[in-house]
Amino acid sequence: MAESMYCAGIRVLIQLFFVICFMLMLLTQTTDAKNSGDVRCKCICPPYKDVPGKIFKNNVSLKDCNCLHMVVPMPVDGKDVEAYCLRCECKYEERSSLTIQVTIIIYLSVLGLLALYMVYLTLLEPVLKRRLFGHTQLIHSDDEVGDQQPFANTHMVLSRPRTRSNVLNKVENAQQRWKRQVQEQRKSVFDRHVVLS
Amino acid sequence: MDNAGYCNESFNSLQSGTSDEDMVEIAGATLDFSSTDDVPPLDRDYTSGYAAHGGGGDVLNGSTKLMDLLDEPVPGVGTYEDFNTIDWVREKSKDRDRHREITSKSKESTWALLHSVSDAFSGWLLMLLIGLMSGALAGGIDISAHWMTDLKEGVCLNGFWFNHEHCCWTSNETTFQERDKCPQWKSWAELIIGQTEGAFAYIVNYLMYVCWALLFSFLAVSLVRAFAPYACGSGIPEIKTILSGFIIRGYLGKWTLMIKTITLVLAVSSGLSLGKEGPLVHVACCCGNILCHLFTKYRKNEAKRREVLSAAAAVGVSVAFGAPIGGVLFSLEEVSYYFPLKTLWRSFFAALVAAFTLRSINPFGNSRLVLFYVEFHSPWHLLELVPFILLGIFGGIWGALFIRANIAWCRCRKTTRLGHYPVLEVLVVTAVTAILAFPNDYTRTSTSELISELFNDCGLLDSSKLCDYVNVNASKSSNELPDRPAGHNVYTAMWQLSLALVFKMLITVVTFGMKVPSGLFIPSMAVGAIAGRLLGVGMEQLAYHHHDWPIFKGWCSPGADCITPGLYAMVGAAACLGGVTRMTVSLVVIMFELTGGLEYIVPLMAAAMTSKWVADALGREGIYEAHIRLNGYPFLEAKEEFSHKTLAMDVMRPRRSDPPLSVLTQDSLTVEDVEALITETSYSGFPVVVSHESQRLVGFVLRRDLIISIVALSPVYRLPAENARMRQDGIVSTSPIFFTEYTPPPPPSSPATLKLRGIMDLSPFTVTDHTPMEIVVDIFRKLGLRQCLVTHNGRLLGIITKKDILKHMAQMANRDPDSILFN
């Protein structure tokens, strides 16, 4: 009990560590990403008399983000400048392009890995298994855990043979168990439509 | 209730809890339990605990030793089967025992004191972690969804990770009319054939749009099918059921979390008519469940875990809308079953942490949490309540019809051949959606952008089609715009919006419930927003062209800005969402947190209430309750009143024609008798009586605990190679089983006895046979019971389980009682 709890605890701690690292990375990126492409001041000026509407963008600091600094060259003459500028709206905006880049790249890599793993599981693994082990392995049908034999099933679950705690064996066991679970879930959701209409 | 001693004790212990434990009795609060283990604890805990037990067993030698389960409980006892209901009373008393033990030991040493302090703080630490993790995931989902949605239309040459808006962020080539054009963003037609205008370019764009949509949805449904079938659908009906005490193993696991996050982005980006709010609630609950494993207090106790999951549901809505208070109220009103006051404060804390995390990640580049944050504060007039109530009626009617249509379609999917081709179904629906959505500008963009454009009030700075009004007084210098006659583009926009309305109303019926993560909030709000905006523009033009009518004369003189179509869109969105989900308080709070203005509470409330009344008149249940009923989950609705005059003896089992109740006697059974009983019947628990003649009740024992105890303690089912290691000496098939406290010493030559008093519940709840069913249903709801024994004149007569109650309620409402599938 102690060993498996220890392993489970280590696993969870490692996952938690990665999650926190990722979140910290995201948070710190937002606070110090002030390179020139990431701040801007955007002024929108609507049409005025016969001057068409225009948008002005520049990367200036917050104190300079107003109509007089941004609207260059000024399309109207001196006495109309104030009326023109009253209609303009200037906003200061920041973004973090590094966050966006990192997020998209992480997402695409995870998606790619999952897609490859899916292709491997559905197409390649049966072919490889068949070549390595012959037909005997494929007769391994998944257990119908029904209530007809409660003791036998419990017995099977409880008395799993304790093999050497080999890492490969453990991974193999875990993968088999996970595949069985997914198959059970797939049966209840997709085939029998019992859960999740 | 009989058995005064036992029941009073449990009743008192409930009452003497701290004020934190007081139940907030609000109709609709529900609880949900879901185990996070991918592996049933039977496997892990058993092997881990057996070594300890085996060590103790070595000391006891000889065949006359009693196997006493009171000292060291077999691990696995006290856990639950998949698709079963938990026992709330047992879990809560386990937690109270644990707490008592920690407090009493804390006086012994500093280490124990630290342990008790950390135990008290573990809840808050857990909430902090849940908020951080959910906020980070939601930020990632938002950024990825925005990028992938725009990927259907083109790509950015500056860096492929930028979506359209961010690609043109620094460019100076954007004009007032075309705010999105810049040379760095290339549409697919430009990249493939080099043209931007013309019929051929349009066709190429169309084709690429449909192909990308199909690719995304195919990837989504394949990933769901291959890795985590539980990740499909919205998740809220199942979470409601889990919070009320049901167990669905794997529903809130790691793989479900990962697949749901990834495929949610794909599903939203493929242009399907679905939203991401419901799945975000599921994602947040998965985070909550996974993080519960770090803390013993929550890992081992299903009741405490469900408190955490209630808070996690609040976090989900909070990151979806940027509305922490609305999220907490949503969890209270819609999702949770029991909602103690302690959970209220903790949910709020977690929701705030999540909102803060999301804001720091800053997915929209302008410090806003939600895409459609509105800023206008124009006033509204009392007479406008009439169109608002009309919108409420529309929302209610649409909600009721949508629920009926969607349930019919989902039932069709469950029972006919349509359900055998999930991947094909998703692809066909995506193809239809993409093909019909591309020509109309308002459906081509993502639904969130549509809603934000509809909520937007037209000002001087807007140049969209909706804001193309004829400028009557071009020299006005104020920033406020008077009501003006609509220009040509506005009429174009109106009929395009009407087509979009019809399209969305029909396609959402088919989309919700497919085998990809799908949410319902955004499509409903879109339908309402379109209807509201249409009505708003209609009212505006009516007020302008007929400003001399008596109803407009007082407050809407020409040149005044009196009607705000954006407000009508908002009210319409609230009405439709309320009609579908039947939310009340949480809906109003979410909407006003979205707008940031308290001025619009009265119109929102008027519309929400009207829509709820109209929808309730047409159909009793909201969409989530309807899905729960469709799937046959054992969910005892907390909002329904049970108003029939039946008695407990009408509902209890066994009925007159059934075989008598299967009971265990306390001292006259052997191991093989019990095994035979377990193998022949499929009941999940057995009452224990003094003897068959007297039928006086001793206690109640669960089937799972019996199986585990017998298998764990008897070498009969061991493989020969393991007999030496896992041995409890002397238990054979003919060993007697005792549920009593004092067992007689066995004669020397007979096999050892098996004492199972430790797994028996000594205080089962009982009612007499003449108890009205109203009281019985109330007891089940308030205490979270799973079964209740029925006595007559002090003797055991029968048993009522939660499934019996649900079947009885279905029968009383003239529904099919066989639709209750689980127990």
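Positions of Cβ are set from backbone N, Cα and C atoms, glycine also.
Features of the protein shown, as given by TrEMBL:
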- B:121-141: transmembrane segment (TRANSMEM)
- B:206-231: transmembrane segment (TRANSMEM)
- B:252-274: transmembrane segment (TRANSMEM)
- B:280-296: transmembrane segment (TRANSMEM)
- B:308-332: transmembrane segment (TRANSMEM)
- B:382-407: transmembrane segment (TRANSMEM)
- B:419-438: transmembrane segment (TRANSMEM)
- B:493-514: transmembrane segment (TRANSMEM)
- B:520-539: transmembrane segment (TRANSMEM)
- B:652-716: domain 'CBS' (DOMAIN)
- B:760-817: domain 'CBS' (DOMAIN)
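Contact check: the transmembrane segment (B:493-514) against the transmembrane segment (B:280-296) gives fewer than three Cβ pairs closer than 8 Å, residues 6 or more apart, which falls short of the contact criterion. Of the ranges B:252-274, B:308-332, B:419-438, the one with the most Cβ pairs under 8 Å to the transmembrane segment (B:520-539) is B:252-274. When Cβ distances are compared across the two stretches, the transmembrane segment (B:419-438) makes no contact with the transmembrane segment (B:280-296), since fewer than 3 pairs at least 6 residues apart fall below 8 angstroms. Sequence-distant contacts of the transmembrane segment (B:206-231) (same chain, at least 6 residues past either end, Cβ-Cβ under 8 Å): 148, 151-153, 188-189, 192, 248, 250-251, 253, 255-256, 258-260, 262-263, 266-267, 269-272, 282, 422-423, 426-427, 430-431, 433-435, 438, 444, 514-517. Stretch with the largest number of CB pairs closer than 8 A to the transmembrane segment (B:121-141), among B:252-274, B:280-296, B:308-332, B:382-407: B:280-296. Ranked by Cβ pairs under 8 Å to the transmembrane segment (B:280-296), the stretches B:252-274, B:308-332, B:382-407 are led by B:308-332. Within its own chain, the transmembrane segment (B:382-407) is flanked in space by residues 505, 508-509, 512-513, 524, 527-528, 531-532, 535-536, 539, 551, 555, 563, 568, 571-572, 574-582, 602-603, 606-619, 621-623, 626-627, 630, which lie at least six positions past its ends and keep a Cβ under 8 Å from the stretch. Tertiary proximity for the transmembrane segment (B:308-332) is limited to same-chain residues at least six positions away from its ends with a CB under 8 Å from its CB atoms, namely 24, 26, 28-29, 31-34, 123, 126-127, 130-131, 134-135, 138, 239, 242-243, 252, 276-277, 280-285, 287-289, 292, 298, 339, 343-344, 346-348, 350-352, 354-355, 358, 368-370, 373, 521, 583, 585-587, 589-590, 593-594. Across the residues of the domain 'CBS' (B:652-716), the predicted structure has a mean pLDDT of 84.
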